[in-house]
Amino acid sequence: MMKDNRKFSVVIAGGGSTFTPGFVLNLLKNQDRFPLRKIKFYDNDAERQKKIGDAVSIIMNERAPEIEFEYTTDPKEAFTDVDFVMGSIRVGKYHMRSLDEKIPLRYGVNGQETTGPGGMAYGLRSIPAIIQIIDWMEEYSPNAWMINYSNTIAIVAEACRRLRPHSKVINICDMPIDIMTRMAQICGLKDYHDLDFNYYGLNHFGWWKGVWDKKTGKDLMPELKKYVSKNGYWVGGDFDKNTEASWKETFKKAADCYALEPNTLPNTYMQYYYYPQYEVKNADPNRTRTDEIREYRQKIVFGECERIVKEGTAENNMWDRNETHSEYIVDICHAIAYNTGEKFLANIPNNGAISNMDPDSIVEVPCLFTSHGVEPISTGEAGIFQRGLMMEQQTCEKLVVDAYEQHSYEKMWEAFALNKTVPDALVAKKILDDMIPENKPYWPILK
Ligand code: NAD
Ligand code: G6P
Ligand code: MN
């Protein structure tokens, strides 16, 4: 493709995120197709961001001294003169994630970052912070796009639909592309770029209707179904040498999810809705995923940053390898910047993309990515089983945004009570009542 001579400016919101160095390294890797003039970090935790920022300064000096780099906690500085905002914030950080996971487990309910009561609690925390970032972006860089990963995406996207319907924000998820990279490996291909697909659902709640070899058009569903029925999406070997124990279980569990509805291939997150009792039985209420991250990803990322700063060089750093999470967001910025019309998934108002869901449901469906935004592709009809599940789940997501808008205790209680992971309204109430004081700095006062 013939390119013009534009160079872009990107700010990563959540500069202190464990994923930030990966974003930077991937941006640098893609300079031939998505050239940059500036990279900035923005975070509201100066100390956490500095640790990443100081290591990235060394990386930038070594590898791309011509690209300006700075990190800041000042919104005006951060959001002025940017073309893309990459959203990667975690409101309440791991401290609050840990409580999202552990409070429901007190009452025998699954404790998970983005699903069930924990996911709804997290979504409610994220709404005001994301809206604030959108507003700063629009004030200081009115032409910029925000590509947002910050969870709980389904709830954030519903809040964007209601509160900032005309804003240039696209809410995305890496789970389907992570799974598609596994699918590619299973079929002897390299990664998600090698597959064409038809997928529909909500965020962390969806199904593949079809998967094809992008080059040859070969239908890969029969081969994949056979594999997934036995192994889930677990690939093993060298491919999975860095995969943590809980993720291994998740990829394997997809076999049981597939068994329930074998016409499609499931997103791994269906495990929490199909088999909540298994999840709770398997969980250790004192050691949840957050504890594993503190001992693994967070330790490794910040340890690597310290090492780079100490040695004064970023040679052979841990981010010099392919990683779907950061590759995907760079792919998306590139598609928007150059109006490529490539097909990726996004979380957007349905408007007919799934023919038997409401127009105002936030759904995760394939879209064409252009310089004027995303154009959803019609995915056809949802199966009766899927539609039933989605109606319940998306109502929970809408009730959380109602709770935010109306400062309503009742709406939040109803959201918890309706959720498939919660057995009973009294249990829902107990979880909510334990969460309210912990979320005081972040939630509206629920009356
Ligand atoms: P992290 O806790 O390591 O980093 C998040 C950073 O956000 C922290 O440095 C924190 O100080 C900062 N932050 C919190 N509130 C902020 C605010 N209001 N303004 C600016 N900065 C703020 O988190 P992580 O594990 O690296 O994850 C980052 C985010 O990415 C989370 O929301 C996570 O759920 C999300 N995520 C999404 C996907 C997806 O598929 N959409 C995939 C992976 C991670
Ligand atoms: C996947 C999902 C994200 C989620 C993450 C949690 O990547 O798509 O939305 O935040 O998993 O992973 P973690 O390693 O933080 O438990
Ligand atoms: Mn996700």
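Using the three backbone atoms N, Cα and C, a Cβ is placed for every residue, glycine included.
Because TrEMBL annotations are produced automatically, they should be read as predictions rather than curated entries.
From a predicted model like this one, the values you see are computed outputs, not experimental measurements.
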**Prompt:** TrEMBL records Arg97, Arg289 as substrate-binding residues. Which of Asn44, Asn151, Asn231, Asn347 is assigned to the same site?
**Reply:** Asn151
**Request:** With Arg289 (substrate binding site) as the reference Cα, tell me which of the recorded positions Cys173, Asp174, Tyr269 is the closest one.
**Result:** Tyr269
**Asked** How big is the gap, in Å, between the Cα of Tyr269 (active site, proton acceptor) and that of His204 (Mn(2+) binding site), rounded to a whole number?
**Response** 5
**Complete:** Same-chain neighbours of the substrate site, Cβ within 8 Å of the mean position of the Cβ atoms of Arg97, Asn151, Arg289 and not counting those residues, run in sequence order as Arg90, Tyr94, Asp100, Glu101, Gln112, Glu113, Thr114, Gly118, Tyr122, Thr290, Ile293
**Complete:** Close to Cys173 (Mn(2+) binding site), taking Cα pairs within 10 Å and only the recorded positions Arg97, Glu113, Asn151, are Asn151
**Asked** In sequence order, which residues at least six apart in the same chain have a CB under 8 Å from the CB of Asp174 (active site, proton donor)?
**Response** Tyr149, Thr324, His325, Tyr328
**Item:** Contacting recorded positions, sequence order - Arg97, Asn151, Cys173, Asp174, Tyr269, Arg289 vs ligand 2, Cβ under 6 Å
**Value:** Asn151, Cys173, Asp174, Arg289
